[in-house]
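Engineer: When I checked TrEMBL for this same protein, it listed these features:
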- 58-134: domain 'Methyltransferase type 11' (DOMAIN)
- 204-279: domain '18S rRNA (guanine(1575)-N(7))-methyltransferase Bud23 C-terminal' (DOMAIN)
- 254-282: region 'Disordered' (REGION)
- 264-273: compositional bias 'Basic and acidic residues' (COMPBIAS)
Amino acid sequence: MAGSGRRPEHRGPPELFYDEAEARKYTQNSRVVEIQSQMSERAVELLGLPEDRPCLLLDVGCGSGLSGDYISDEGHYWIGMDISPAMLDVAVEREVEGDLLLADVGHGIPFRPGMFDGCISISAVQWLCNADKKSHSPPKRLYRFFSTLYTALARGSRAVLQLYPENSEQLELITAQAMRAGFTGGMVVDYPNSAKAKKFFLCLFVGASGTLPKGLGTECADGEEIHQAKFTNERTRFRNTKGKSVKKSRDWILEKKERRRRQGKEVRADTKYTGRKRRPRF
């Protein structure tokens, strides 16, 4: 599957497009690495994992292990599946901490029932909508993927799949097959009014239906003007830094506080002093 940190510009199947040269070029692209890390962070956040223990996650379309790096940094374990041998070869050379499996997820998820505490996928699921071979039926391949994924996930867990749908019909096809397989949930859209920052996350629940998280950039604070100002600030940050905010900076602190608020934790109110460096005392 070879998930990418950008909208795919090619039409061929990923196992053919990502040859050895492309796999290395992709993994060494600093912009791609930053975007992949951002989307992985958001996907893991949407999983709502318990904070008191490490979890075992499935990474669908793991590619060269960029999203797995973030999972490892968070203290969790992971198994990655990908259809591209070249991508997995790069992952092995990078000595990623997760286990790797060469497989076409359109054939199903070959793990025992209830094995995983959650699943993420970055920019990969839309590949299942392509009929790259005469024998390929996108609805059947999607259903096979979702039905076996449902079985492999523990009850009460989630799957968060970031994807780039080509159109509304493709989005409906993917969602319909997920619901047919037994999942509940829906689509979380971050920054829906931005052409560049807009991201789709299919957030799926196993078993009891949970509350669908809200997308970023969709809430008003005290009014429309504040909302627009905040949204404009987000767009500027993404465009100028080309990645995450500098650690310990004001933007970094505000983002961390916002994530904690979404998790229902008590956080001090933002003030003009938030993130301001203190003068040294003598």
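Keep in mind that glycine also has a Cβ here, set from the backbone N, Cα and C atoms.
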Engineer: Summarise the model's confidence over the domain 'Methyltransferase type 11' (58-134) as a mean pLDDT value.
Structural biologist: 94
Engineer: Using DSSP, tally how many residues of the compositional bias 'Basic and acidic residues' (264-273) sit in helix, strand and coil.
Structural biologist: 0 helix, 0 strand, 10 coil
